Ligand SMILES: C[S@@+](CC[C@H](N)C(=O)[O-])C[C@H]1O[C@@H](n2cnc3c(N)ncnc32)[C@H](O)[C@@H]1O
């Protein structure tokens, strides 16, 4: 039956077989669904409940904003509406962000004062939302292995003056070990003779730029985790200002019996992006053979699932006892989601899945493991996303 329905879709047979193997309905990749799925925008807190502001945006976009009742601050707009040229977007009062992605951030339950780690942070849509939820206390540490992507994230933080409590590291998330600064700063006596971090400025001395350029060449060799994380941005209240370099890097987690750590960790892992219909549709232009290489190749999937598991393990290692970790991917395959969760739980007796309370009103379904969630594009009217939330019972 499924294959017959799928035959009418412009998808290669190998992809349809892949979907069937993963228990996915090929009809979700129907171009009609892609065209009818709305776009979502997130309004900055302080603006999201202002009727005047909503009306202003409606005039700017020349369309009606429909409030997403199940997700605070989110509105849907017709899929063809472009937001990038509007003043509200340019001023950082409105962001383009899929509602399912917003749900992954919301699931983390970030509150003011939390120390949050975003282990796969670039290009930063979720990081910006995390910072908005954090408000004026706590801290956020963003990590990504791709320097150019994290640099784009930094540009956004600077442009919208969002990064006051944030620091960004180019580093391998599978081995990143730096703890939030609040745990150790009190213990330091900052010696005046040592060079300390001054307030961040994009204009760095020539000597520093040269050193950074030399490091760029080796960023791609971060894989084995031997490379020191590279701090590419820090805000005035991120805890970095006033520390020496050795102090910054000493605050690291070296033992497995960690009783301090981050209150909240987001692992929005690298994946095949097959849950995004818009992404899959791009292969019509890129060529279906590219899709076979990037999504269907078993060897690549093995490498990816291994990476996802390692990111989850390390994120959990850096989580404090009683803290929460959200693992999310925009893949709908079991291998990158439930299998990773199952494997992780089997090796971590101190990890448990947590119910996502807010999800009772969300348009999603349970994953194959109870308490995990799947946003399926067909029923949720969002992009596809998998979410699992863990807590740490002991070190
Ligand atoms: C799904 S994207 C993250 C999207 C991001 N959370 C956002 O909301 O904009 C996955 C990210 O993981 C990063 N990544 C891949 N391998 C990594 C690793 N070993 N350590 C840290 N980041 C990694 C990629 O560079 C990519 O930016």
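Using the three backbone atoms N, Cα and C, a Cβ is placed for every residue, glycine included.
What TrEMBL records for 330 is active site, nucleophile. Residues annotated as S-adenosyl-L-methionine binding site in TrEMBL: 144, 268. Among the features that TrEMBL reports, domain 'SAM-dependent MTase RsmB/NOP-type' is placed at 29-393.
Feature map: TrEMBL annotations on the structure.
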residue: 144; record: S-adenosyl-L-methionine binding site; DSSP (3 states): strand
residue: 268; record: S-adenosyl-L-methionine binding site; DSSP (3 states): strand
residue: 330; record: active site, nucleophile; DSSP (3 states): coil
Please compare the binding-site residues 144, 268 by how many other CB atoms fall within 10 Å of each one's CB, and tell me which has the fewest.
268
Residue pair the residue listed as 'active site, nucleophile', residue 268 (S-adenosyl-L-methionine binding site) - Cα distance, angstrom, rounded:
9
Across the domain 'SAM-dependent MTase RsmB/NOP-type' (29-393), average pLDDT on the 0 to 100 scale:
88
